[in-house]
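Annotated features in TrEMBL:
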{"type": "TRANSMEM", "residues": "A:21-43", "note": "transmembrane segment"}
{"type": "DOMAIN", "residues": "A:21-248", "note": "domain 'MacB-like periplasmic core'"}
{"type": "TRANSMEM", "residues": "A:286-310", "note": "transmembrane segment"}
{"type": "DOMAIN", "residues": "A:290-402", "note": "domain 'ABC3 transporter permease C-terminal'"}
{"type": "TRANSMEM", "residues": "A:338-357", "note": "transmembrane segment"}
{"type": "TRANSMEM", "residues": "A:369-392", "note": "transmembrane segment"}
Amino acid sequence: MNISEILKIALKSLTSNKLRSILTMLGVIIGVAAVIVMISISAGTEATIAEKINGLGSNLLFINQAFTRGGPGQGNQQGGLVYSDVAAIRDQVPGVAGVSVEQQSSVTIKYNDNTLTDITLVGTTPDYPTVRNVQIKTGRFITETDNERAEKIVILGSEIAAELFGETDPIGETIYANNVQLVVIGVLAPKGISGGTDFDSLIYTPINVVFKKFENNPFARFMGDRVRTIFVSVDQNASMDTVKEQITLLLTGRHKVTSDTLDFNITSQSDIISTQESTTESFRTLLAWVAGVSLIVGGIGIMNIMLVSVTERTREIGLRQAVGATPADIEVQFLTEALMLSLFGGLIGVLMGVGGSELFGKLSGMRTVIVPYSIVLSFTSAALIGVFFGFIPARKAAQLDPIVALRHE
Amino acid sequence: MDNTTSENEIIIETIDLKKAYGAGDALVMAVNGISIKIKKGEFVAIMGPSGSGKSTLMNILACLDQPTEGRYILDGEDVSEYSRPELAMIRSQKLGFVFQSFNLLPRVSALENVMLPMIYRRENRISLAERKHIAENALEHVGLAERMHHMPNELSGGQQQRVAIARALVNDPVLVLADEPTGNLDSKSSEEIMELLHSLHDRGRTIVMVTHEPDVAHHTERIITVRDGKLFDDHPNGKRVTWQNATGIDFSPAQEAVQP
């Protein structure tokens with residue numbers, strides 16, 4: 001028998017019972033499609049996360065206030081991060097490219113008759129554009145002098161500028177934020193949503209203005225200009241770990257705490273990345289298991305039907321043997337049928353998986369990225385499963401005794 | 001056709017053939033020392049009551065089963081110890097089968113059924129077109145030229161058995177084995193099938209047929225009777241051996257049969 005004859009016989013046998021063949025393939029189709037869709041979802045999620053992390057700004061360290069062991073009210077009331085820590089870090093730690101703080105308040109802003117409510121006002125420092133990786137479109141950002149003098153100035157996100165001023169140039173105009181007059185000195189270039197923050201709908205003012213005019217907490221004034229988070233951008237050439245260590249030393253001394261009673265903690269971007277990676281890793285492993293199990297179930301379906309087929313066609317097998325088919329001929333024929341089922345199923349599964357990923361992405365709004373290796377992987381697995389699960393039925397067929405098979409009813 | 005050289009050629013020779021089933025106390029000798037010789041061109045009936053061992057003997061002669069002891073020489077080749085794949089190749093090269101229940105593949109046409117044995121040929125492989133041509137010829141010769149594209153379930157029992165006979169001949173076997181070929185047929189169809197086998201015999205085919213119907217056996221020229229696994233009787237049937245005079249073009253053995 002040559003290959004084309006073997007293929008022809010297998011095809012004939014499969015098409016003679018179309019419904020059954022399709023149902024048998026269904027398991028493999030679903031399995032292969034599941035692998036592709038799941039990998040595309042997890043790849044999409046990873047890409048989204050990677051973008052978010054990059055959007056945070058490069059080489060960032062986050063210094064967060066941490067409660068001391070005694071807890072609030074019992075521990076060091078004067079502890080935590082204060083605004084003067086910013087200057088100390090910038091001036092005393094080598095390898096720091098920029099330090100900023102962000103103190104947010106929710107304000108209502110007004111320009112002429114135009115009122116916008118619930119706008120986030122960010123009190124910050126001159127290094128903000130470096131640290132947060134934003135560009136200035138027109139005008140300028142806050143300077144050190146602005147901050148020292150607590151100048152009542154404001155820089156607008158691109159969207160806010162457009163909403164308040166439309167086509168007009170906002171530089172030099174005065175807006176009201178909770179009845180505080182602020183002069184517009186700059187507009188930022190659009191950045192979009194990054195790391196969960198819509199940068200285009202923020203407005204910025206010197207942090208000292210926030211301390212003086214916008215602090216929500218009535219106790220804040222007694223607390224020595226406390227800040228929640230300090231952002232440190234590390235110089236490209238400096239080591240994150242060294243900078244992290246030196247900041248720890250510096251702040252430990254300034255806050256008069258020991259390593260056991262630290263009132264802050266420092267996280268680097270790579271810490272966040274590795275956390276995210278391990279999360280997506282376990283997500284992906286879970287998906288791979290689910291998809292793998294469904295492929296195996298598909299394979300068992302093929303084996304089941306092939307075993308039924310061998311029993312049903314016992315007489316045919318006997319006859320083929322009588323007219324000269326060797327056991328190997330019979331084995332090859334049934335293996336080919338199983339392989340054909342799994343390959344056709346795999347092919348349809350690939351098409352449905354690619355289509356399904358696109359559809360899922362459109363319907364759910366989640367991002368899906370079709371990864372070529374998932375197609376290769378799932379299709380190859382389908383083929384291997386065809387051989388693996390086709391083997392037992394094919395062997396059973398080949399070992400039939402022609403005398404018994406010919407007499408089979 | 002040169003008959004003189006082949007007249008005494010021996011197609012089947014068994015020497016003290018034995019087949020045992022089971023072991024120990026349950027040992028059954030289905031065939032217990034049978035020695036026969038069948039010459040080329042003979043038309044032989046094997047008879048015997050059920051359980052006599054005739055089916056077992058037939059299975060060994062058909063290379064579907066291996067003897068436990070003794071020798072079986074088929075067409076000059078000792079096949080007594082051949083493995084299953086080797087026996088499959090011998091069946092492909094040398095044997096043609098006709099079964100009681102026809103055993104046609106249900107989902108393919110008469111023509112494709114007849115072409116089936118050629119798929120498994122290992123020597124002298126021929127193209128699809130040639131195979132088709134040979135199968136068409138074979139169906140014509142059994143009188144089914146008009147029905148070669150019919151499915152088996154569209155044919156009568158007698159017609160199905162003709163298809164089976166055409167299938168048995170396409171590989172030009174040295175021996176045709178028929179196992180109760182008329183067992184599932186009415187008397188008229190039986191008669192037609194026996195006529196067909198007879199005409200094959202007239203053209204020089206060697207045919208061995210198992211039957212339990214004396215009427216059918218009387219069509220042959222030699223009747224071998226098996227009882228209790230042993231040869232009980234072996235006598236010529238007094239039938240005229242006519243094949244030497246045949247002006248054979250059809251299913252004479254050897255080259256003529258396979259060449260269009």
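Numbering starts at 1 and runs along the chain as it is shown here.
Glycine residues also receive a Cβ, built from the backbone N, Cα and C atoms like all the rest.
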Whole-number mean of pLDDT values that fall within the domain 'ABC3 transporter permease C-terminal' (A:290-402): 91
Close approaches to the transmembrane segment (A:286-310) from elsewhere in its chain (Cβ under 8 angstroms; 6 or more beyond its ends): 13, 20, 24, 26-32, 34-35, 38-39, 41-42, 317, 334, 337-338, 341-342, 345, 378, 381-382, 385-386, 388-390, 392-394, 396-397, 400
Chain residues in Cβ proximity to the transmembrane segment (A:21-43) (below 8 Å; excluding those fewer than six residues from its ends, i.e. six or more beyond): 14-15, 280, 283-284, 287-288, 290-292, 294-302, 305, 341-342, 344-346, 348-350, 352-354, 356-357, 360-361, 366, 368-371, 374-375, 377-379, 381-382, 385-386
For the domain 'ABC3 transporter permease C-terminal' (A:290-402), residues assigned helix / strand / coil by DSSP: 98 helix, 0 strand, 15 coil
